[in-house]
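Q: According to TrEMBL, the record shows the following:
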| type | residues | note |
| --- | --- | --- |
| BINDING | B:G14, B:P15, B:G16, B:N17, B:V18, B:G19 | NADP(+) binding site |
| BINDING | B:K126 | NADPH binding site |
| DOMAIN | B:157-352 | domain 'Homoserine dehydrogenase catalytic' |
| BINDING | B:E210 | L-homoserine binding site |
| ACT_SITE | B:K225 | active site, proton donor |
Number of protein chains: 2
Amino acid sequence: MPGVQSSLNIIHLGPGNVGKAFLRILLEQKKLIQSVFGIKIIVSGIVRSDKYLFSRDGLSDKEIKKVINKDENLRWLNTPGQTHIKQLMRFIPKKSVLLDTSASDKTVDLLIYQLERGGFAVVSNKKTLISELSDRKKFNPFQQSFFYETTVGAGLPVISTVKDMIESGDKIEEIEGCFSGTLGFIFSELEKGSPFSGAVLAAKELGYTEPDPRDDLSGIDVARKALILSRLLGKRISLKNIKTIPLYPEEMKRLSADEFLSQVHRLDSGYKKRLSNALRERKTLRYVAVVTKNKTEVSLKEVQISGDIGSLKGPDNIIKIRSERYKANPMIIKGPGAGIEVTAAGVFADLLKIIRILRA
Amino acid sequence: MPGVQSSLNIIHLGPGNVGKAFLRILLEQKKLIQSVFGIKIIVSGIVRSDKYLFSRDGLSDKEIKKVINKDENLRWLNTPGQTHIKQLMRFIPKKSVLLDTSASDKTVDLLIYQLERGGFAVVSNKKTLISELSDRKKFNPFQQSFFYETTVGAGLPVISTVKDMIESGDKIEEIEGCFSGTLGFIFSELEKGSPFSGAVLAAKELGYTEPDPRDDLSGIDVARKALILSRLLGKRISLKNIKTIPLYPEEMKRLSADEFLSQVHRLDSGYKKRLSNALRERKTLRYVAVVTKNKTEVSLKEVQISGDIGSLKGPDNIIKIRSERYKANPMIIKGPGAGIEVTAAGVFADLLKIIRILRA
């Protein structure tokens, strides 16, 4: 049949933790994909910031396993940069996938190049989607070939659901949600009686926070996700337009990470008081993102303790979507919104969407 | 480009309430679809049980509006049955959509015919999916061209999410959920102090129940949805293999609908007692479907009142998915799981999936 493709080449940027978990799923599933969809997945390139592997006809399973296992005998080539990667891309068919699981802010050009030549792209890398408006606009024509489900809520079907609602003519009125497992954990601990500083330190010890916990407490990561959702709703805004209220005062910004950790207990009494005031009204505290037509805002809020957001436990994420059709009762999606395995599975599910398109 | 399609023909079976709402969305969205995807949607046929409209090149918007408005001046043709519909289907391209929003159990043959010739099908009609195993097997090869999202949870993204999880290599361990808005409403009313009979009558008055409320109270409709999910997980079972515990005793089966309604108060004290026993342990009552590898069961259960299922309010549906990857914390999708508008929007979202496939 004309137009039906029997193989699909991938160039994979950023084989970090999520990237390696993705490659593991790929090795496990590729036989099944070939038998169900008749499409052979060919990993033509794996690219790190400084080096790469490439074979137009596909890296062997053995080589891919070596990447997963960080095998030191693997002979990476040095990459002289972006232009070189573009040259590699020209060796593989246009209807291929550029897959970005890196954390780099330098992949936007490559992604645009791939989309403009008629290819597909899948990213778990949020940085590609939060770039300045001028950059972001370049992605707009490619809403149907650019997949980024895991940038909000990891494997939870958030982006695809909102997209389906919009494209079937629904009008989204409000998206409200908790998109930080780390902050969810911290405020669940507070509810259990832990002081704020204790909750922050516990989160750090469990590996839930960035090395400097202020990267989480600043709310920036939540603001990024709110930005991605806002732009999905067609709003023309940038990160700087989002009202983001951090969980520590201005004057603690200039401290070193260690200084911050040794002084974070200064915030305990404030949060204790705010929580006990909230509890008196059967409310609790949650760090909430709100996106409506007129505002995009992320901040700590008092919410009903028995409500969907208030009853959220530990590191789970939640998204509540109110629309013309889901007005009285919103649509709610909830579950683990971070984690290597669920993110990698979400990236693979995005790849599946492309495979379904190609096998038609 | 070869294989790229610039139009998509639809034959629509069953323009009832959901069907008409679907046609309304279609008329509103088709311009946008054409500009975004470059695909013109052509409604070639609209078929009722006894009559039909057909035009290979497409019914006009005016004619479709007349169907929506039940215009009596519309000149339907009499249909001499299934074979005739198949003949009509032969007039339109194979890569078309047969869309079934009827409640008929006689469309299975037509759907199989459409799928076997390489076309697509979308159904909101559960009857097509609960047919005997021998029939159901015929659908198996077409998991990628057969869409039935709205048969469980209406517009909630249930089927597509489970499908994505399975195809990305996750192992589903348990699906648990409430799939009856009617029964959800009844047990929410009980919690508020209403007697069982009062809740049933209120549900009937609000139009939530079938004319004979036993059609809801029997649990059969929930069992059908549990069957659809079980088969999605690859289980080879039929409706008769599902343990279904109705909400009224055996001896009330032989009553007429009116007799049942006048005697339903006999069940009040039993439910009152069961609920107060449950409440003493901070539990409440919910009619729950459970699907695991080894069992598929629908019955009234005592569940934690503060849990996800116990805190479900009124007519909302909920689905909880536990899998290898979503183990400690399940993935949860919640919201209105019935209703004309959300079901029609879900049918349209299924159509969009096909459009995305074809425009690649």
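Cβ atoms are placed via backbone N, Cα and C, with glycine included.
On a predicted model such as this, the values are computed, not experimentally measured, just so you know.
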Q: Among the binding-site residues B:P15, B:G16, B:K126, B:E210, report those whose Cα falls within 10 Å of that of B:K225 (active site, proton donor); none is a fine answer.
A: B:K126
Q: Quick check: with B:G14, B:P15, B:G16, B:N17, B:V18, B:G19 left out, which same-chain residues have Cβ atoms within 8 Å of the centroid of the NADP(+) site Cβ atoms?
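A: Near the NADP(+) site, beyond B:G14, B:P15, B:G16, B:N17, B:V18, B:G19, sit B:K20, B:A21, B:F22, B:T101, B:S102.
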Q: Please report the Cα separation of B:K126 (NADPH binding site) and B:G14 (NADP(+) binding site) in Å, rounded to an integer.
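A: Their Cα atoms are separated by 13 Å.
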Q: For B:K126 (NADPH binding site), which DSSP three-state class applies?
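A: For B:K126 (NADPH binding site) - judged by DSSP and reduced to three states - the answer is helix.
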Q: Given the binding-site residues B:G14, B:P15, B:G19, and counting only Cβ atoms in the protein chains shown, which has the most within 10 Å of its Cβ?
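A: Within the set of binding-site residues, the most crowded position is B:G19.
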Q: If you count other Cβ atoms within 10 Å of each one's Cβ, which of the recorded positions B:K126, B:K225 has the most?
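A: When each Cβ's neighbours within 10 Å are tallied, B:K225 tops the list.
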Q: C-alpha of B:V18 (NADP(+) binding site) to C-alpha of B:E210 (L-homoserine binding site): distance in Å?
A: 16
Q: Tell me which of the binding-site residues B:G16, B:N17, B:V18, B:E210 sits in the most Cβ-dense spot, judged by other Cβ atoms within 10 Å.
A: B:V18
Q: What's the CA-CA gap between B:G16 (NADP(+) binding site) and the residue listed as 'L-homoserine binding site' in angstrom, rounded?
A: 16
Q: Give the distance between the Cα atoms of B:P15 (NADP(+) binding site) and B:E210 (L-homoserine binding site), rounded to the nearest whole Å.
A: 19
